[in-house]
Each structure stands twice: as structure tokens, then as C-alpha cells.
């Protein structure tokens with residue numbers, strides 16, 4: 001417990017306005033310096049003189065004792081970001097990548113022209129699946145959308161209720177191609193049933209393999225495990241496949257020598273699918289793919305795939321540097337460094353965004369996500385620890401007025417918080433308006449107001465020491481998790497159209513939004529409840545469950561929450577991938593992947609409060625360090 005520090009905002013703030021070149025070739029940050037101005041009001045500049053503080057209505061900071069979180073400081077200062085080199089932004093690298101893209105497209109097309117006498121139908125299907133799987137895991141699939149669809153349409157034409165066999169009329173099926181086909185086809189929205197896996201059980205109803213663990217057999221079980229992770233609700237056979245294959249692979253790791261295969265197995269077991277962020281997977285798979293001779297296809301130019309993957313990784317690295325430089329200027333210009341009561345994780349949030357969306361044209365999404373999450377973190381620390389209940393009630397009312405003059409009743413430190421919320425939400429709405437061709441501000445404001453209301457409810461519980469029922473806490477906690485406000489404006493800045501009927505399937509009242517919010521609340525609480533309780537925050541999913549179920553232990557509660565998380569993940573999979581949906585996967589993918597990004601942040605611990613271990617490693621591996629060509 002430490003006394004409050006009164007924080008004064010600088011009189012001159014540099015307000016960033018971004019112009020994102022959707023071609024991806026340029027990112028031009030524009031800074032407008034406005035003397036004695038710290039705010040905008042729907043296009044009107046608001047001077048500090050026009051919002052002078054009314055001392056009679058302000059909450060006094062004198063002698064207020066405040067709680068503070070024990071958080072480490074920002075790990076990535078401006079000097080470090082500026083010192084990063086980005087040699088792969090030169091045009092010659094882009095030109096080389098474009099040539100390789102053409103050659104890889106030729107490799108895809110050549111699969112349709114193979115001599116039918118020189119390759120069996122099964123080998124042909126495996127090669128097509130391998131090619132699609134490889135470009136996706138290497139992070140270069142965005143260049144081959146047409147070729148991927150053609151390959152998968154061909155594979156799907158051979159799909160039967162027993163999976164994939166040696167031909168359309170064959171009664172002999174193959175587990176490797178069936179498992180890889182089930183996973184890949186399902187991820188692209190094809191209607192494929194997991195029941196095909198029942199045909200690979202023995203008479204006892206168990207999955208079985210020979211005792212001798214050959215490399216081919218290990219790879220088959222690895223593909224079975226990867227397929228089992230794309231499970232939908234109620235698919236018992238997928239649970240059985242996951243249990244069997246996970247045990248088999250863990251046993252194999254103890255026996256096979258250290259190799260690209262053992263590393264691949266280790267990575268898949270470590271991250272699964274829901275926390276294996278695409279750019280992290282690409283970074284890891286580049287290393288594995290470069291050493292992997294046993295999984296190469298004779299007629300495919302695997303070295304070209306690898307070279308292209310490395311070039312694309314590093315070319316994006318150059319764009320990341322420019323975006324980071326802009327983000328740091330925004331962070332400094334917003335007055336954030338003076339907010340010493342909260343965590344500063346803008347670089348970490350940008351990293352998560354760039355791990356799930358590394359298309360060059362989606363700069364607005366990446367930067368918008370980082371900004372929104374920074375605001376969420378500031379508000380989280382203010383409502384949970386630093387602010388008094390009276391101050392928070394005033395702030396909540398001020399947000400609903402959406403007018404800088406509302407800050408007259410706020411203490412000085414809250415003025416800065418209010419204005420970063422106000423300015424940033426308005427600026428992101430302007431970007432969304434341009435992308436969507438309609439006004440989005442009022443809709444997005446409503447989302448932020450509901451989010452603030454949920455925080456206010458939690459602040460009241462903290463102040464009173466009340467532990468609500470699990471249902472009451474859980475429903476409020478899904479809103480206060482921040483998933484909706486972290487996703488809404490960033491996805492609206494993309495080049496994907498979101499008419500009202502599509503937005504309803506991604507935002508409220510969609511099941512996708514509800515489940516994504518649920519996993520953030522549930523997983524976050526399992527990682528944070530002990531630290532929160534030490535700071536006086538009694539209510540959590542764990543404590544509320546124990547209150548509702550007298551006699552249960554923390555272990556019982558955690559087991560229950562973890563089972564809920566498993567079910568939520570399956571529900572999320574279904575909402576994203578359900579066949580014949582009126583909303584394309586592409587419209588839902590960013591919101592879905594945001595849930596994966598947050599889930600990764602809580603995989604080992606609260607990676608947002610303690611960002612100096614796994615989260616720091618993620619930043620270095622996917623943003624700071626290029627790969628060696």
C-alpha cells in the first residue's frame with residue numbers, strides 16, 4: 001500500500017493520426033502538434049482552458065491511500081525500438097519473393113498434371129495435403145488461396161464416410177491421409193465428420209499401432225493428434241484420439257533421437273492448436289522444415305518453400321519495425337508514460353496482433369489491437385487497484401457523456417486516462433468508418449460503455465469484499481474480460497466488409513463473441529486469482545465456484561474451470577468452422593484468433609503482468625529477431 005502520486009499531464013501533447021497504406025508498402029504516421037491541446041471532440045479541438053478543473057466537484061487526491069499492483073516496468077524503451085535494424089525492407093527481397101511465389105504456384109499446378117501411371121491416387125492426395133499443410137504452417141498461405149482451394153476441392157472429391165483410401169472405390173483407408181485430410185478440410189470449412197476415425201480402431205474399440213515406432217508411423221499419429229485438436233462439441237472420438245495420440249507421442253519422444261521430428265512433436269504437444277499462434281508456428285516450423293528430409297516430396301521444390309518462408313518472415317519484420325516506431329510515438333504522445341500506476345505492455349500486445357495477422361495490409365488491425373489493449377490495461381489497473389470507488393463512479397459517468405468537459409469532475413490522473421480513451425476510440429472509429437463506409441462511433445462507444453459498467457461492478461465487489469455467485473460473476477466477467485472491445489474496432493479497420501448481419505455473427509449477440517470472452521475470463525482467472533486475492537480482490541471464478549459449492553477445494557474449482565475451458569474451445573472451433581455458414585471463415589477469423597492470442601498470454605502464467613519470461617521470448621522470436629537466410 002503506497003500513497004497516491006499526483007500525475008500532471010504535459011501541456012503539449014503530440015496527437016498521432018495514422019494513415020495506413022493498404023498496399024502494405026508504406027506506413028506513414030502523421031503527428032499533429034497542437035499547443036495546449038490534449039483532446040478532440042468529434043472533430044472539434046478542445047483546449048485545456050475549455051475544460052479547466054472545477055475544484056469544488058473534483059475528488060481530492062490529498063491523503064488518499066491507494067492499492068497498487070506489483071508490476072514491472074516497460075521492457076522495450078524507445079531507444080531499443082529505434083536501434084532495431086530492418087535490412088529486408090529493400091525491394092530486391094520483395095522481388096525475389098515474388099519470383100518464388102510464382103514457382104511455388106507452378107508446383108501446386110503441376111500436381112494436376114502428374115502422369116497418372118507414375119503416382120498412385122493415395123500418394124497424389126497426400127502430396128496435395130502436404131503442400132497445403134506446409135504453406136500454412138510456414139506462414140505463406142496467403143499467396144496461394146486459389147491453389148489451396150483447388151487442391152482441397154480435389155481431395156474432398158475423394159472423401160468418404162471412411163476417410164481417404166487408395167481411390168474413390170477403395171475399401172482400404174489410410175490413417176495418415178485421413179487424419180491430415182480431416183484437419184485440413186475442416187479448417188477450410190468443408191463438411192467432414194470425425195466419425196471417420198472410428199474406422200481406425202481395433203476390435204476392442206481402441207486406437208492401436210504396431211509396437212515398432214517407425215518414423216512414418218510416428219508422423220501418422222502426429223497428424224492424428226493435430227486433427228483431434230480441431231474438435232467440435234460432442235465428438236467423443238476426437239477426445240479418444242487426442243488421449244491416445246498424446247500418450248503415444250510423449251512415449252515416442254523418450255525413444256526417438258533428437259531431430260527435427262522430435263522438435264516438431266515437442267512443439268505440437270507444447271502449444272496444441274489454440275495457443276499455437278500462426279507466426280510463432282511459422283518461426284518454429286521454418287527451423288524444423290529446414291532440417292526435415294524424411295517428410296519431403298520428391299517432385300516438390302521444398303527448398304523454394306523454405307526460402308520463400310524465410311523471405312516473407314523477414315520482409316514482414318521490416319514492416320513490424322516501422323509499425324513499432326509509430327506505436328511508441330503514439331504511446332508517448334498520448335501521455336501514457338506519465339501513468340505510473342499501470343502496466344505498459346503496448347509492445348507485447350502489438351506482438352500478439354502480429355502473430356495472428358501478418359498480412360501487410362492489416363497494419364490498422366495490428367496497431368488498433370495494440371492501442372485498444374493498452375487502454376484496457378490502463379482501465380483494468382485503475383478500476384481494480386488505483387482508483388477509489390467515488391472516483392470510479394465519476395469516471396464511469398464521464399465516459400457515458402463522451403465529452404471532454406466531463407473531465408472537470410475528475411481527479412488529475414483520471415483526466416489523462418479519460419482523454420486517451422476518448423481520443424483513441426474516436427481515431428479508431430475514423431479508420432473503421434473509412435474501411436466500412438459507414439459511421440461506427442456510436443456502436444463502438446456502446447461497447448466501451450458496457451465494458452466500463454462491468455468494471456464498475458467489479459470495483460463495487462472489491463470495495464465491499466463481496467463474493468457474488470458464480471453465474472453473476474461469470475456473466476459480468478465475460479464483459480469485463482475486454483475481448484469485445486479489443487476486437488471490435490480493430491476488425492472493422494480491415495479490408496473485410498462487415499455489414500450488420502455479418503457483424504452480429506462476430507460481435508454481440510453472437511456465440512463466437514460470448515465464447516471468446518468466456519475463455520479469456522476463465523483462463524485469466526486461473527492464472528491471476530492468487531495475485532488478485534493478495535491485493536484484496538476476492539471475487540474470481542475460483543472463489544465464486546467454491547462459495548456456490550461448499551466443501552469444494554481450490555483444486556476442485558480449478559478442475560471444473562479447466563473442463564469448462566475445454567468445452568469452450570470446442571464451441572469456438574464450431575462457431576468458426578461450422579459448414580455451410582452464411583458468414584465466411586475469413587470474417588470470423590480475426591476475432592477467433594484474438595481469443596487464441598489472449599489464451600497464449602495466459603498459457604503459463606499471467607503473461608501481461610509478468611511479461612519478462614515467455615511473453616518476452618515471444619516478442620524476441622517473432623518481432624525483434626529475423627531468421628537467418
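Cβ coordinates come from backbone N, Cα and C, glycine included.
Per Swiss-Prot, the listed range annotated as motif 'DDXXD motif' is 380-384 (candidates: 380-384, 385-389, 390-394).
Spatially close to residue 532 (Mg(2+) 3 binding site) yet at least six residues away along the chain are 384, 540, judged by Cβ distances under 8 angstroms. In this view, residue 384 (Mg(2+) 2 binding site) is surrounded by 21 other Cβ atoms within 10 Å of its Cβ, with every protein chain counted. Around residue 380 (Mg(2+) 2 binding site), taking its Cβ as the centre, 20 other Cβ atoms fall within 10 Å, counting all chains.
Within the model, the motif 'DDXXD motif' (380-384) carries an average pLDDT of 95.
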